[in-house]
Every structure is written in C-alpha cells, then in structure tokens.
Amino acid sequence: MAFKIGLLGLGTVGAGTAQILLDRASRHPLLQEIEIHSIGVRSLSKSRPVQLADELLTTDLEAIVNDPAVDIVVEVLGGLEPARSLILKAIANGKHVVTANKAVIARYGDEIYTAANSAGVYVMLEAAVGGGIPIIQPLKQYLGVNRIHAVTGIVNGTTNYILTRMQTEKGEFGDILADAQKLGYAEADPTADVDGLDAGDKIAILASLAFGGRIKLQEVYCEGIRKVSAADIAYADKLGFVIKLLAIAKLQQPATDNSPEALEVRVNPTFVPKTHPLASINGVYNAILVEGEPLGQVMFFGPGAGAGATASAVVADIMNIAAVLKSNNNATTLHPLLSCSHQHYCAIAPIEDVVTRFYARFLTKDRPGVIGKLGTCFGNHNVSLESIVQIGFQDSLAEIVVVTHDVREGNFRKALDEIRSLDAIDSIPSILRVL
Ligand SMILES: NC(=O)C1=CN([C@@H]2O[C@H](COP(=O)(O)OP(=O)(O)OC[C@H]3O[C@@H](n4cnc5c(N)ncnc54)[C@H](OP(=O)(O)O)[C@@H]3O)[C@@H](O)[C@H]2O)C=CC1
Ligand SMILES: N[C@@H](CC=O)C(=O)O
Ligand code: NA
C-alpha cells in the first residue's frame with residue numbers, strides 16, 4: 001500500500017519535504033511507499049524550487065484535510081491560524097499529522113493531543129524543535145528510561161548567529177541584527193527570535209516530553225538578547241565566559257524533604273563557562289544538552305533550521321507513522337513511544353524561586369565606600385558574592401562588576417531594589433544569569 005500525504009505549505013520546509021519524497025534513491029526503502037497526494041498553498045502562480053505536477057497544488061486547504069484519500073497531513077504553513085484549525089480538522093477526520101509548527105503546539109498542544117488521542121491518531125513534531133536534530137523522538141524513546149534532571153539548549157539559530165557575531169566582531173546588537181536581516185539570517189520582524197519567544201515555545205515542548213507533563217506557556221519565563229551589549233560580551237570573555245541564549249528546563253532541588261517538586265522552565269541570555277559543552281556552539285547551529293540518571297550527559301548538535309535539515313525531520317516523522325501503520329495493519333491502538341499521553345500540568349516554579357548565579361554591571365559615582373555599600377545591600381538579602389571588582393571608568397562613572405554565588409532570584413532582585421535607592425548608584429546597565 002502507499003501512504004498518501006496531504007502537504008499543507010510549500011515554502012522552505014514544504015519544498016524541502018517534497019524534494020526528499022521525490023528523490024528517494026539510497027534513502028530508507030519505506031519512502032517508496034509514501035507519495036504526495038496534494039499540496040496546499042496560498043499562491044498557485046509562485047515559482048517553486050521543486051518540480052511538481054500542477055494538478056497536485058491547490059489553494060483549498062480544507063479540501064486536503066477532508067479528503068478521504070489522504071492518510072497523513074503534513075502542516076508546514078507556520079502561524080497559528082489556519083494551522084491550528086486545519087490540524088484539528090485533520091485529526092477529527094482520522095488523519096495522522098506531522099507538523100513543524102512549535103508555535104501552535106506550544107499554545108494548543110493540550111487541545112491537539114487530547115483530540116489526537118481520542119481519535120487514535122499520531123501528531124508528530126520532530127521538526128518543531130532543533131529542526132533537523134533528532135531530539136523529540138530520542139526524548140520519547142531512548143532517553144525515556146532516564147530520570148531527566150535538566151534539558152539545556154541553544155534552540156534559536158538567529159540569536160546564536162547574532163551573539164556569535166557580537167563576540168567575534170565586538171559589535172553592538174542593533175548593528176548586527178540589521179546586517180543579519182540584510183543577509184537573510186534574521187526575519188524582517190525579528191521579535192519571536194530576539195525576544196526569546198521562539199526558544200520559549202521550543203523549551204515548553206522539550207520540558208513537556210522530558211518531564212512527562214503539560215506546560216502552560218504563560219508560565220515560561222522568556223527574556224531575549226536585545227539588552228546584551230558589546231561591553232557585557234567583553235566582560236564575559238575576561239571572566240572566562242561566553243554569552244548564549246539558553247532555554248532551560250530543570251528540576252529544582254526541593255528546599256526540604258517535604259517541599260513539592262517544581263520545574264524551572266525559562267529562556268534567558270546566560271554567561272556560559274568557556275569549558276561548558278554549549279559554549280562552543282556558534283553561528284546558526286543548535287544544540288541540546290540532556291542530563292539524567294543513569295545516563296549522565298548527552299548532547300545533540302546540528303542544523304536547527306533550513307529546508308533540507310528541517311525536511312529531514314518532517315520526512316522521518318512521516319516514515320515513523322508509515323512504519324507503525326504498516327506493522328500493526330492500521331489498527332488504531334497508538335504506539336506508546338510515538339504518541340503523547342500525559343494529561344496533568346507540570347508545576348512551574350515562579351522566576352523569583354529560581355536559584356542561579358548572577359552577573360551584574362553597575363555604573364556608580366566614583367566615591368570611597370561604594371563597593372562596601374553594594375556588598376552590604378547584597379548581604380542584607382542573603383546574596384553571597386563570588387567577586388566584586390571595579391573594572392574601570394565610563395565618562396566620570398566607575399564601572400563595577402559583580403558575580404554572585406547561587407542565590408534565590410527573589411532575594412537578588414530585592415537586593416537590587418535596595419541598591420537602586422543608593423545615592424551613589426547611577427544605573428545598572430546589565431543583569432545576566434550565570435550557568
Ligand atoms: N524555515 C525553517 O528553517 C524552519 C521552519 N520551521 C517551521 O516550519 C513551518 C513552515 O516554515 P517555512 O517553511 O519556513 O515557512 P514559509 O513561509 O517558507 O512557507 C509557508 C508555506 O505555507 C503556505 N501558506 C501559509 N499560510 C497559508 C494559508 N493561509 N493558506 C495557504 N497556504 C499558506 C505558503 O504558501 P505560498 O508559498 O503560496 O505563499 C508557503 O508555501 C513553520 O511553522 C516554521 O516555524 C521549523 C524549523 C525550521
Ligand atoms: N527562527 C528559528 C528557526 C526555526 O525554528 C531560529 O532562528 O532558530
Ligand atoms: Na528536531
């Protein structure tokens with residue numbers, strides 16, 4: 001039998017997907033049994049990078065998800081609507097779904113998976129996180145026997161490209177973003193990438209798989225890279241760090257034996273020690289470090305975006321569904337390692353309860369005793385300092401850099417509030433977390 005694909009979208013990822021499905025030689029033999037039945041697009045007149053019969057293309061996307069001949073709907077449209085409604089309609093019609101759409105899954109995953117489980121169909125999303133890097137299926141399958149402690153990733157290529165160039169060229173964020181947009185590395189509207197929202201969607205999905213519960217996206221703390229300056233990158237370098245936008249999902253150490261377990265799920269620019277495995281991930285590449293027991297650390301690295309890489313993950317999902325359908329004769333019992341069955345919501349710790357190290361840079365009046373006063377404010381709120389040094393001067397202001405030991409974020413923020421009220425403080429240009 002042949003498995004018939006209804007492809008929604010023929011842009012970067014859709015065209016890459018069609019390319020693989022049309023050029024099957026030397027790939028897995030199961031691909032011979034997968035065929036494109038119809039393709040939904042916005043414009044029929046656009047030229048496409050892949051040769052396809054005109055009659056495959058339609059602007060009627062509803063017709064594809066309602067077509068009884070289609071077995072698997074592949075949603076690579078992007079955006080929230082009509083993607084969400086089309087996915088739900090495909091599920092209601094008993095079709096399996098493959099999607100690359102992290103925005104839809106992070107927001108509507110509960111609705112979509114509830115519908116898929118009751119319809120007995122799969123919703124696969126390997127391309128949605130880390131593009132071509134296999135991370136979703138490894139979390140569901142080969143890492144599933146581990147107790148996962150933490151998932152830490154560089155999951156946004158645009159921001160990693162910008163930070164890497166800021167580091168190598170010693171440039172400022174705005175100039176490098178503008179150049180990245182000119183070169184096509186950053187989108188015209190860069191908000192989702194540079195404000196950490198794309199990474200937030202992705203870490204919500206990874207956290208859900210790693211920790212076996214649903215995640216409320218609004219509880220994921222997201223901070224982007226707009227405020228990272230060339231000065232911070234230079235200080236990071238002097239102190240033995242690089243700055244990376246990290247997406248982190250981590251089980252907190254309970255404060256007492258009876259404290260409830262909570263998860264930290266957050267995205268923030270972070271000082272990463274140069275010796276850490278994520279420090280050397282540069283340019284548009286992505287990497288995800290998974291830590292668990294008994295496995296220890298395992299890191300996945302590769303292209304997080306791009307036509308071919310992302311399509312590799314999309315077609316792998318199609319192939320997995322085809323393989324399972326073929327081996328169980330299309331029975332509707334879902335394979336437990338391909339489906340997502342968790343129902344409860346994970347308890348997410350508020351950002352104030354996160355325990356981490358901090359770096360902060362202060363501009364102060366150049367007066368004797370300022371460093372002492374800073375130290376006293378931190379001490380008043382139980383913030384222990386690893387180092388406090390005056391680095392130099394900016395105009396007539398002294399520049400002081402502080403690195404803390406692990407502190408509760410709420411205490412650190414209270415100390416900063418007290419510091420802001422000191423007469424000697426001009427400003428606090430940067431506050432960054434330290435891994
Ligand atoms: N690009 C990448 O490297 C990666 C993308 N993704 C995800 O993959 C998905 C697709 O991204 P990408 O391929 O880059 O997007 P593109 O913008 O390149 O392609 C979108 C495609 O969907 C079609 N489309 C969009 N909206 C509609 C609509 N309302 N009706 C009909 N057709 C529509 C467009 O039609 P037309 O061509 O006629 O305009 C186009 O073919 C997104 O969810 C994205 O987040 C995930 C990982 C990496
Ligand atoms: N915009 C994303 C690509 C797709 O996920 C990125 O920059 O990594
Ligand atoms: Na992936």
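Every residue, even glycine, has its Cβ placed from backbone N, Cα and C.
Keep in mind that TrEMBL annotations are predicted by a computer and have not been checked by a curator.
Noted in TrEMBL for the protein shown:
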- LYS202: active site, proton donor (ACT_SITE)
- LEU8, GLY9, LEU10, GLY11, THR12, VAL13, GLY14, ALA15: NADP(+) binding site (BINDING)
- LYS102: NADPH binding site (BINDING)
- GLU187: L-homoserine binding site (BINDING)
- 359-435: domain 'ACT' (DOMAIN)
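In the structure shown, across all protein chains, VAL13 is the one of the binding-site residues LEU8, LEU10, VAL13, ALA15 with the greatest number of other Cβ atoms within 10 Å.
Residues LEU8, GLY9, LEU10, GLY11, THR12, VAL13, GLY14, ALA15 make up the record's NADP(+) site, and a Cβ search at 8 Å around their centroid adds LEU7, GLY16, THR17, ALA18, VAL76, LEU77 from the same chain. Mean pLDDT for the domain 'ACT' (359-435) in the predicted structure: 95. When the alpha carbons of GLY9 (NADP(+) binding site) and the residue listed as 'L-homoserine binding site' are compared, the span between them is 19 angstrom. DSSP classifies the residue listed as 'L-homoserine binding site' as coil under the three-state reduction. The CA atom of ALA15 (NADP(+) binding site) is located 19 Å away from the CA atom of LYS102 (NADPH binding site). With a cut-off of 6 Å between Cβ and the nearest atom of ligand 1, the recorded positions GLY9, GLY14, LYS202 reduce to GLY9, GLY14.
Considering only the recorded positions LYS102, GLU187, LYS202, GLY14 (NADP(+) binding site) has LYS102 as its nearest partner by CA-CA distance.
Remark: GLY11 (NADP(+) binding site) has VAL76, GLY78 as non-local neighbours, by Cβ distance under 8 Å and separation of at least 6 in sequence. Here the candidates are the recorded positions LYS102, GLU187, LYS202. The one whose C-alpha lies nearest to that of VAL13 (NADP(+) binding site) is LYS102. Cα to Cα, LEU10 (NADP(+) binding site) and the residue listed as 'active site, proton donor' are separated by 23 Å.
Recorded residues the residue listed as 'L-homoserine binding site' and THR12 (NADP(+) binding site) have their alpha carbons 14 Å apart, per Cα-Cα distance.
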